[in-house]
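Accompanying notes for the structure given below.
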């Protein structure tokens, strides 16, 4: 077993060796290096064929028509293209958008930008387990609502939203529904031929493909229109210009092909490992599970260890690559906005750790993790005056700290 142990698969994944192998065949002179838009020679045709195969592989995993898959530089761009693209195209119908407070920053900050441009955005607060209350969503819908953006799986706590029902609600009212499926694709079954979802964002690097490549699903029946955000040669049916990076696309396609084949067995294995990890730490005092094991994706476990400062905990766990909050916001010392939106205190949000497991996680690593966490928590609490006061029965919240 090598240290440190990687338990941050929700931030990114290593590229699967089978994916890397395929990608390397699309780079050098003796490989498939052509520009797929070059229609006048064999190099272009071969490149275009490779892109078509990958587009099919992605469409097959999610039950879409390959013509509905638009390649982008990643899920952040897909979220931007979907939300800005739909808002700009349909703004004559209305300027109201609904999303939730626990969305990824790529959705929240895009909505903030649209607010600056005169759109009206409603941010729903989820229930304490992270699930959106569908009655609240329904109550928020208005005649001028044009777009709802609610993710499939939350990147910090792993809870799964009921996108099928939300889709039905939106379709019944003629509202466009966008789903950020970054954390769910390849982990949960997605069938866009059944779901009433109009726009869906994907990425390569959360599912053992390369970074820098993603896709946006844009429904054809009923036809959804979006305004391009990137202009140029009119690639990708005019929705996203730019030369297609064949090696990245082939990598993403292969990753999605593997996911389709291995998803069921892999998720069963990860569920067992995640439950083993939770069973190993849940009997400690003042340990709380964030999210919902029943309504959660099998590879994420988010736990708060009360009376332990999150940053010191991460330092104590330096043999584990884990995060508090998401990678995108973990650089700031603010407590996770997702956990705060669940109604959690700053202290508890600050003491939370996200363990995310993946394809190369072993049982041995999980057992080592349990041992390390138990030892570290015990040691850090021994050093904590707050823990001592708690053990003596002092209500910490009733203390009035003097300001210096």
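Here the Cβ of each residue, glycine as well, is placed from N, Cα and C on the backbone.
According to Swiss-Prot:
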- 328: active site, cysteine persulfide intermediate (ACT_SITE)
- 75, 76, 155, 183, 203, 204, 205, 243: pyridoxal 5'-phosphate binding site (BINDING)
- 328: [2Fe-2S] cluster binding site (BINDING)
- 206: N6-(pyridoxal phosphate)lysine (MOD_RES)
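Residue 155 (pyridoxal 5'-phosphate binding site) sits 10 Å from residue 206 (N6-(pyridoxal phosphate)lysine), counting Cα to Cα. Cα spacing between residue 183 (pyridoxal 5'-phosphate binding site) and the residue listed as 'N6-(pyridoxal phosphate)lysine': 7 Å, rounded to the nearest whole number. A Cα-Cα distance of 10 Å separates residue 75 (pyridoxal 5'-phosphate binding site) from residue 206 (N6-(pyridoxal phosphate)lysine). Spread of the pyridoxal 5'-phosphate binding residues is 30 Å (greatest Cα-Cα distance among 75, 76, 155, 183, 203, 204, 205, 243).
A strand conformation is recorded for residue 203 (pyridoxal 5'-phosphate binding site) in the three-state DSSP classification. It is 13 Å from the Cα atom of residue 76 (pyridoxal 5'-phosphate binding site) to that of residue 206 (N6-(pyridoxal phosphate)lysine). Residue 206 (N6-(pyridoxal phosphate)lysine) sits 23 Å from residue 243 (pyridoxal 5'-phosphate binding site), taking the CA atoms of both as reference points.
A C-beta separation below 8 Å, combined with a sequence spacing of at least six in one chain, links residue 243 (pyridoxal 5'-phosphate binding site) to 35, 36, 37, 233, 235.
Each of the recorded positions 205, 206 was scored by other CB atoms within 10 A of its CB, and the lowest score goes to 205. Counting every protein chain shown, the Cβ of residue 203 (pyridoxal 5'-phosphate binding site) has 29 other Cβ atoms within 10 Å. Around residue 204 (pyridoxal 5'-phosphate binding site), the C-beta neighbours below 8 angstroms that are at least 6 residues distant in the chain are 74, 210, 211, 212, 213, 214, 248, 251, 252, 255.
Remark: of the binding-site residues 76, 155, 183, the most isolated position is 76 (fewest other Cβ atoms within 10 Å of its Cβ).
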